[in-house]
C-alpha cells in the first residue's frame, strides 16, 4: 500500500520532508499528491531545488501553472487559506502532514479530517488534546487505528527523548536539566526590528539569544513520571542549522562515564540504530548537517560527577533528522490502519 500524503505548509520542514522522501528511496511507500502553500509556485519550486543548508536537490524540479514536477512525479499545488476549503477528499488523502507551525490543536486536526483526510500529523508539539504524540523509536508502537490527530513532537524532543529513555532504563533518572543550543530560526530578525519577545528584536547573526522553550513539557508529555523533575532553557546561536543539547541528569545507580558511553554506543548499533548515532570524532556542528538521525551522542563530551550526575552532549540536524521522522511516523500511522467511524 502506498500512503497518499498531502503537505500543508511548504516551509523549512515541508520542503525537507519532500527532499527526504526522494533521497531515502521511500517513494514506493509514500506519494505526495498535493502541497498547500500561500507562496507562488515559482518560489516553491526554486526553494525546493536550491537550499542554503542542504545544497541542490538531486532531482529535477519544475513547475507548470499549479503543478510541481519532481522528476516524473506530478504534485498538485494549492493556495487555500482556509482548512475547510482543502480538497483532501477529492484527492484521496490518507495523511496530511501539517508543517505550517501555525495549526496544531484538535480543532485544526478535525478541520483537515472534515475536508476528507483520514489522519493528520502535526510537525510540532501541538496542544495536549491530540490523540497521540509520537517520538519515533521510543513510543510509535503505542499508535492505534483510532489515533487520527497526531503530533510528531519537536526536533529537540526527538533528539533528547531516546537518550533520556536509555539513561533512565539503565540507571534510573531522578531529575534533570536540559540546555538547547539551537540554530537561528525564521521567527528571529535579520537586523534589529520589533518583536513581542524583546530578545528576538535583536539581529540573529550577531548574538547568542536566550528564548523560551517548552522542551521540559515535551519531555513530560512522553514520560509523565518526570513531571516537575526536568527543567529546560534554550539559546539561539548564529548558525543556520544543527542543534546541540546539553543534558544533565542525576541517577540512582553509581556510574562511570565510560559505562555511559558504552551503553549509548551499544544502543546506537542495536535497538536504536537509525535513530541514535554515536561518535567520538572531534566534530563541530556543521559536520552533522544533513544527518538523518534524531540524536548523535558526542562521546568525547560525556562527564560523570560524584558517580550520580551524568552530563552528555547530543547533536541533531533539527531540520533533516526531524523531516525523516515525519516520514517514519506517517508510515507508522498508516500501518495501524484507518478507522473512519471514530
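The backbone N, Cα and C atoms fix where each Cβ goes, glycine too.
Here Swiss-Prot flags 12, 13, 318 as NAD(+) binding site. In the three-state DSSP reading, residue 12 (NAD(+) binding site) counts as helix. Non-local contacts of residue 12 (NAD(+) binding site) by the CB criterion (under 8 A, 6+ apart in sequence, same chain) comprise 186, 319.
Annotated substrate binding site per Swiss-Prot: 154, 155, 156, 200, 213, 214, 236, in sequence order, evidence recorded as sequence analysis. Under DSSP, residue 200 (substrate binding site) is assigned to a helix (H, G or I) in the three-state scheme.
According to Swiss-Prot, the active site, nucleophile annotation covers 155. According to its DSSP assignment, residue 155 (substrate binding site) is helical. Long-range Cβ proximity for residue 155 (substrate binding site), meaning a same-chain Cβ under 8 A and a gap of 6 or more residues, is found for 243, 316, 318, 319, 321, 322.
According to DSSP, residue 182 (site 'Activates thiol group during catalysis') is assigned to a strand segment. Among the features that Swiss-Prot reports, site 'Activates thiol group during catalysis' is placed at 182.
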Other same-chain residues whose Cβ falls within 8 Å of the Cβ centroid of 12, 13, 318, the recorded NAD(+) site, in sequence order: 11, 16, 123, 155, 319, 322, 323
Mapped DSSP class for residue 214 (substrate binding site), helix or strand or coil: coil
Rounded to the nearest Å - Cα separation of residue 156 (substrate binding site) and residue 13 (NAD(+) binding site): 14
10 Å Cα neighbourhood of residue 182 (site 'Activates thiol group during catalysis'): matching binding-site residues from 13, 154, 236: 236
Those residues of the chain, 6+ apart, with a Cβ under 8 Å from that of residue 214 (substrate binding site): 125, 154
